[in-house]
């Protein structure tokens, strides 16, 4: 019984610590967070490497793509 209570208190303390430690950034909350990818080369152009997908994602303005190691390199020309 004591171990269960101790484990419960430890879990509550971890949740409180994690909640307090998270940044309260307004840009993060407004959805303005910008994701950055790894640069890659595609037909002489520098693009963004997307891991574990076969096509460039829609809505990002990519108009050139090359297959890359376990993913795709997407370029905005």
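Every residue, even glycine, has its Cβ placed from backbone N, Cα and C.
According to Swiss-Prot:
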SIGNAL    1-21  signal peptide
DISULFID  40-73  disulfide bond
DISULFID  42-66  disulfide bond
DISULFID  56-74  disulfide bond
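What Swiss-Prot annotates, mapped onto the structure for a quick look.
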residue : record         : contacts (Cβ under 8 Å, 6+ apart)
40      : disulfide bond : 46, 47, 48, 49, 66, 68, 73
42      : disulfide bond : 64, 65, 66, 68, 73, 74, 75
56      : disulfide bond : 50, 62, 65, 72, 74
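Counting other Cβ atoms within 10 Å of each Cβ, the disulfide-bonded residues 66, 73, 74 show the lowest value at 66. Counting residues 6+ beyond its ends, the signal peptide (1-21) has no Cβ neighbours under 8 Å in the same chain.
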